[in-house]
């Protein structure tokens, strides 16, 4: 069995090794890593064809279309970082940054406002909601989510953190501003917004739990999600990615609560991104499962 | 800043060969008409500038003589974003969008909006750069579509930018800089707190940010054109690779 390296400079790197027919790609990656320590397994993309799809770690050699001698192509995916690390970093930022604005730490607003508190109770409520949201995300990252891929490219952490941290600072600046204007319809608006927000937080959490339970610990299996006894999961009847639906709802609630244009803008951008992801996920479901329920839409029932 | 960039249909070898469906006959006809009209439009602007200069005998205030066609034809370039989106032109929507929007921004949000800069010489500087660039660029596209591209045009497109790019960028930056005090004084396009949307925007700060953004962006676009030039026109030194 040999490897050929495909690279810009068309160099060849031949790595010969003898393996059992029942060896997995994952095991081969470990062997390759031993002789080429700079390419840890997460960085390796092994394929049968230079332009083909990456083979999975679980794929077994004898089930692949190869003879007694197999030639694979290797591609360096670049420096990788674990999903957990990225999530923890990108979510801790907003949590901390928002609180800095809430407590009106120095150099943000005019000095006479340093370490003062807002006179509007909705601002305190918004802080609690925002902080709760990101603490929930951190805890879910640590205890709930089961990731199919261990890693993503390193440059993603800079991109993602810029997005989350940037928007969090922008939103927090206005909501906690000394010249903040509370919602036009006052208590009614805030109460409705809070109900929507909490409903969607519970919903989003329910979906995360349901998705986790689809997958046994340590596995990467994929199954069609179905409604469970929890009423918040009944939305699976109409939507493929209700976690995104609820997430959109929660941010919509937060927008209503704060009546702040930057928050609305953040909600809109998030909506666009989640719709792209939902459509992709929906398409994969349809491709993988022939009996996929036809009534379901990617993110918004019947609409999108 | 967006002097002569954008991918060309010919000579853009890498990646374009994959799904080369290209525009149909109707789309080609439309594009030829579009590019001919644009070439003519920018020629009108060029002629207008020359005539006004000869009539007045000075460079001062030539903007007013071509204000309308400049606005019309530069704004018309927005269609090019549509062309990419629909797929009849193989360029990136994002890249084209960015280029066109920066031109439109300078035309409307700076020059048109801040009356006081209209008599600045820097306006003439970027308008001239744009005019020469666009005449070459649109005639380049026209000839490419008709599969009859004279080498002179191809050479001009990938050579003139050496001077036109810095000219255009200088004119743009100087114009934005000239606009700053007036924007600050009048609070143009700015929103202050408090308001019911809990939003604020400082156009003056925004313009400064735009100027700063030229620092990373201009070299990238400039070197991209230099790379494109090597690819399209070839270069005698390339033969030394055979060692």
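Any Cβ shown, glycine's included, is placed from N, Cα and C.
Remember, TrEMBL labels are computer predictions, not curated facts.
Annotation source TrEMBL lists domain 'TECR-like N-terminal' at A:18-76.
As annotated by TrEMBL, transmembrane segment applies to A:81-101 (among others).
Taken from TrEMBL, the feature domain '3-oxo-5-alpha-steroid 4-dehydrogenase C-terminal' applies to A:151-304. For the domain '3-oxo-5-alpha-steroid 4-dehydrogenase C-terminal' (A:151-304), the model's average pLDDT works out to 93.
Per TrEMBL, the feature transmembrane segment maps to A:160-180 (among others). With a cut-off of 8 Å between Cβ atoms, the residues of this chain six or more beyond the transmembrane segment (A:160-180) that come close are 86, 89-91, 93-94, 97-98, 100-102, 104, 108-110, 113, 116, 118, 120, 123, 126-127, 130, 258, 260-263, 266, 269.
Outside the transmembrane segment (A:192-211) by six or more residues, the chain places 125, 129, 132-133, 136, 140, 144-146, 183, 225, 228, 230, 232-233, 235-236, 242-243, 245-250, 252-257 with a CB less than 8 A from a CB of the stretch. Annotation source TrEMBL lists transmembrane segment at A:192-211 (among others).
The transmembrane segment annotation in TrEMBL covers A:232-254 (among others).
Residues or ranges marked as transmembrane segment in TrEMBL: A:260-278 (among others).
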Open item on the list: Below 8 angstroms Cβ to Cβ, which residues of this chain, lying six or more residues outside the transmembrane segment (A:260-278), approach it?
Closed with: 167, 170-171, 173-175, 240-241, 244, 247-248, 251-252, 254, 298-299, 304
Open item on the list: Based on DSSP, tally up the residues of the domain 'TECR-like N-terminal' (A:18-76) by helix, strand and coil.
Closed with: 17 helix, 12 strand, 30 coil
